[in-house]
């Protein structure tokens, strides 16, 4: 049974607040262990990486086998069935087309005194993408991380992916190839993040690290942040569906379950204007859960964190959605555009009943790396921008310096930064000679 | 004496690498103390903030005096001399004009099967700007942090600024007013960051925190990251000047000193194609140091971290600049545009000898909050984008779902995410009925 709430209930505010602040993740504190691993990789390089890979992944490597050779890589890719290859190619094409539109323009203009102002964008030189091993080794995530980097123009793009017991995921290797990845290292965990950030004899350091991972990977990314750029630290998946009675309860149930099946800590919430519809969805969820492959995981998520909230109208739904600031937001209502216009905070919106969230996970085009845990209030999904940086440009003329230099001098004096003021004054003095 | 290097020297690579990896900051480890302060503010709210302000700033406040009253605020502002007010107004106007050009556009288009794709930008709802107290209380930084937020459309913009012994900085309060700040809290340190992130009875929480601060503030920002958005954790200031012999050594000396005077840990580097010119600049620095108000600070920075590097040509200079990835880069050469085109990594570029870096600190228009410690390799200066977030949008039609849904199903199956596939299949089944 999920949590049932209604805005008409007297205790609604408290129960809704409890839902929002529910601690969903039980992250073990692995920070000390991660600090040791990073120090070890910094000190011993390849030797540490190889030793840790032997220990954690039961795989014995040498410096020359840390990366997949081109032949091995191709041999793995050859195992991918045709339908999966074609689906992945279509996904790559659509994701690339969407992200290509994100490339920003350089700007340059003249200020009022003839000075030139503007900025210029450029890619980071090298990026490393972390791909988890085991069950969470998703080829779709490889595309979602690597294609924006490729579109941005990143010159050197590498992947680290653990291969426990030497077992690789052929689809992950195909996705890496489709997205222009240069090298795939069979290394995982904090040791992979340390190698990407600091480099080893074999693994050259990168400037930016992205991609999901377990608690060790997350802690390591947090630690190397500043030395290199990182993407967000993602929490468990979330979906909010706003649906009126004009929907098939089974469709909505499946949409809710498609997040719940990710993780016992995932959270699926339905907001509906029709209490009976909500009950029908709850029934459909239970029915589907009985036969779902990952029913145990999805069931635990739905029981502990799932919720069905009945509201009086879509205005209430929009206000609650902004408080939830969901990672994924499905709007299964007659006029989804009108509802979307009233909601400010969401990572990704899926408009209308023909847009199940799963389309966005794979093939829609938008990125599926999205802000979780209410961080859509202040952050965005992964994009081309994450692999670009901006250099601002300014060029004064003597006339411009005469016009605005004295104000800079005044402000420098007010901040007691004398040399700042003198650097302007020395030039003004020559102009006034 | 700064470090003298030449690319013609046999040991150049080693000495240059040492220069790059020099540990310039001796940040005390205040993390445990900061964790306690944050926990205290979360637990006791206003009471903790008031107690800590009394302890650290020797200032006794009550909940109703945590913020400046409108009258007090105006009374402080009235103390600002006319020339300083006018200079600050001109700076605000120019910074606003520059940042207004950064506002990105929403995008929406049709995909190949009639589906609608796009994204939408929106501001964070509330932002908090930290302003340090004491010597580093810079009104220019208030403008540089608050104006991008204002331009982005942030609804609630607040400042926290410690006022040790109750002493406020009138120019900071004027800058806050000019930049549309709603409330200024006289609170500093980790307690201010905790209050902004978690809220107290009096201080409503914000979604994004920016602004410079001491080790306590930096550690607190790092800790609340994820709960709220933060800007970068800034390190000591840096400037790289590339200058040929056609420059006045005294101008270049002052430009180098304008960073060195910030902080004993600041780093000023000159790269020149003319060894004699480098010696002349070194002489001019020494001469200026004798009379500079902050000569002790600037002198220590120049002695410990300053460098003059002689190169054979501007191609070498460009390559070294990319390795340094400086916060500020001055190009004092005949064709600065051509040189700029060869350099990828820098926070801000200042082109030509009439553009001293100090212009950019105050009045040029570009932001002066810039990536330090080589992070210009992967990050950008503060901008309007830091106060916006993007929501991606997708709307399928039945036809689009028929066209691309099967590929999503295939990929879901390959990732063992059955409910994902079923959420697409249930809809396709109805279309095929």
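Please read every residue number as a count from 1 along the shown chain.
Including glycine, each Cβ sits where the backbone N, Cα and C put it.
Annotated Zn(2+)-binding residues in TrEMBL are B:259, B:262, B:420, and among B:207, B:304, B:322, B:361 the one listed with them is B:361. Site annotation (TrEMBL, ligand substrate) includes B:237, B:259, B:262, B:361, B:415, B:420; from B:99, B:113, B:328, the additional listed residue is B:328.
For residue B:259 (substrate binding site), the same-chain residues that are 6 or more apart in sequence and have a Cβ closer than 8 Å to its Cβ are B:237, B:238, B:239, B:266, B:267, B:268, B:301, B:328, B:357. For the recorded positions B:262, B:328, B:420, the greatest number of Cβ atoms within 10 Å around a candidate Cβ is found at B:420. Taking Cα separation as the measure, residue B:214 (NAD(+) binding site) is nearest to B:262 of the recorded positions B:262, B:327, B:361, B:415, B:420. Calculated from their C-alpha atoms, the gap between residue B:420 (substrate binding site) and residue B:130 (NAD(+) binding site) amounts to 44 Å. Using a CB-CB cutoff of under 8 Å against chain A, the binding-site residues that qualify from B:130, B:191, B:214, B:415 are B:415. Annotation for residue B:327 (active site, proton acceptor): same-chain Cβ neighbours under 8 Å, separated by at least 6 residues, are B:237, B:238, B:239, B:346, B:347, B:348, B:370, B:371, B:372, B:376. With the fewest other Cβ atoms inside 10 Å of its Cβ, the least crowded of the binding-site residues B:361, B:415 in this structure is B:415. Residue B:130 (NAD(+) binding site) counts 27 other C-beta atoms within 10 Å of its own C-beta, drawing on all protein chains shown. Within 10 Å of the C-beta atom of residue B:191 (NAD(+) binding site) sit 29 other C-beta atoms, taking all shown protein chains into account.
Neighbour density at the Cβ, taken as the number of other Cβ atoms within 10 Å, is lowest among the binding-site residues B:214, B:237 for B:214.
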